[in-house]
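For reference, the structure discussed in these notes is given below.
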Ligand SMILES: Cc1cc2nc3c(=O)[nH]c(=O)nc-3n(C[C@H](O)[C@H](O)[C@H](O)COP(=O)(O)OP(=O)(O)OC[C@H]3O[C@@H](n4cnc5c(N)ncnc54)[C@H](O)[C@@H]3O)c2cc1C
Ligand SMILES: NC(=O)c1ccc[n+]([C@@H]2O[C@H](COP(=O)([O-])OP(=O)(O)OC[C@H]3O[C@@H](n4cnc5c(N)ncnc54)[C@H](O)[C@@H]3O)[C@@H](O)[C@H]2O)c1
């Protein structure tokens, strides 16, 4: 694990928040008290939430179900977010998980058509084509449907929805477009926004927001960064037939993931047709006389520059920043971190006892299910007076790249640092589907076992259906499954998943004192 460990206010290491690959247990003993009761009528609401995204909606409706009087405010709807536009559902539903996965599905058909030939299908020549605008229209309709469904959910849960930009005035007051509301507790769930690198030509680039709303599929695109968003969109555009160039600072993509997984994923991305440009820093983006773009990058070592030309788009996928600017938090005395994230304790409570914060804005693990967990914890704390900590142990995650990656628990590097002695089991194979389809893509599976307790402390997979497979194994890891338990399970044949219960030979033993 290369991210420096650093204690946060919650007593959890920063390292363990880098997307669940170094799961730590919360430090005990940070006391919390639920906000003191108020005199009846003193407040308009028991809880006022700013932001109706994943965490805000979940926290609000659970608090309401527990008997609290709850309101939530949200910016007016748009497909692309800004300081004045958002929409009920938030990033995941409108500009993240959902539209991204719809794009993954849409792009996968291209591969399916190709693979079908290997299985004897003849596709009519020239008859297969894709309408980008038809797809974007269908995607937009679905997002609008979901936006309405979320509004209905809030309505059915008796949560008052206020449209407009929320701002904290003081410990118990929220202002939405000039109107003030008094609340016993305030929950900040405003999420984050895509960041742009400060390089010449940054304004010519798109981010994930715009990438989901392009008027046409780019013929040639450069993507900066190699985190979740970069590799997912690289897979999407490449399957749609774009020439995709991914430029990143590290030697392999997906910093923070298990290094064997990174190396294997790197090989598969190349096999899948991506043009990878590792160990480079972006320098500038220019508009060519013909309207296309060019991108100049500089080698991390040696400083040689390379210019990619004739690009239809340059996408920055270089991280997201908490959306806390102008929210009135500093004025209300809330402690903020260096990146603008809200500092909270183990209970998602800020240093101002009536103000709580969850989701991307606290910059722990930026995943929807984590924001949901945090929202439910705060709902219990404030509405049931049951102080509740979110549990960050064994949070699984998946990268919907081509091929998919899924992981739960420790990377080998983090586990070696934590436990010292490990037994590592790995398998690499060509999945049956790819044997006669002609696809070169292989699958990799890895089990990390603490040698002293024989507990499985990490599981990783690169390959088709990794997300679907890993969800079930995450339950086992969270319950403390041992390698012997895995070995005792009968496989489902033929499947890739069965490999996880049939690995009998240790690939290598990692010993602290070897
Ligand atoms: C491209 C992309 C793909 C992703 N894919 C996945 C995935 O596959 N799986 C996964 O688990 N996670 C994924 N994520 C991450 C996931 O979307 C976030 O972790 C999750 O949405 C965080 O929820 P949240 O409630 O903290 O914030 P958000 O969902 O961002 O919600 C915050 C809400 O607050 C509103 N808001 C902001 N400021 C104000 C204000 N002042 N007043 C009123 N309202 C305000 C915003 O408009 C927004 O609706 C993805 C993210 C991106 C960008
Ligand atoms: N499938 C999923 O669950 C999923 C999908 C998308 C996003 N997300 C969440 O959203 C978060 C944000 O995603 P992301 O991909 O934008 O962030 P990220 O932190 O995963 O990746 C950021 C990338 O930008 C690079 N970068 C940062 N600063 C740079 C600089 N100055 N110059 C060059 N490169 C730079 C980093 O090295 C890294 O490759 C993720 O952490 C993840 O938690 C999850």
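Yeah, the Cβs are placed from backbone N, Cα and C, and that goes for glycine too.
TrEMBL annotations: computationally assigned, not manually curated.
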Binding-site annotation, TrEMBL, NAD(+): partner of 225, 226, 227, 228, 229, 230, 231, 232 in 303, 319, 326, 328:
319
Considering all pairs of residues in 101, 166, 360, annotated in the record as contacting FAD, what is the maximal C-alpha distance expressed in whole angstrom?
30
Return the members of 166, 225, 231, 319 (the binding-site residues) with CB less than 6 angstroms from at least one atom of ligand 1, or none.
166
I'd like to know which of the recorded positions 92, 97, 229, 231 has the most other Cβ atoms within 10 Å of its Cβ.
231
Calculate the distance in Å between the alpha carbons (Cα) of residue 319 (NAD(+) binding site) and residue 360 (FAD binding site), and round it to a whole number.
12
Of all the recorded positions given, namely 97, 225, 493, which is spatially nearest to residue 166 (FAD binding site) at the Cα level?
97
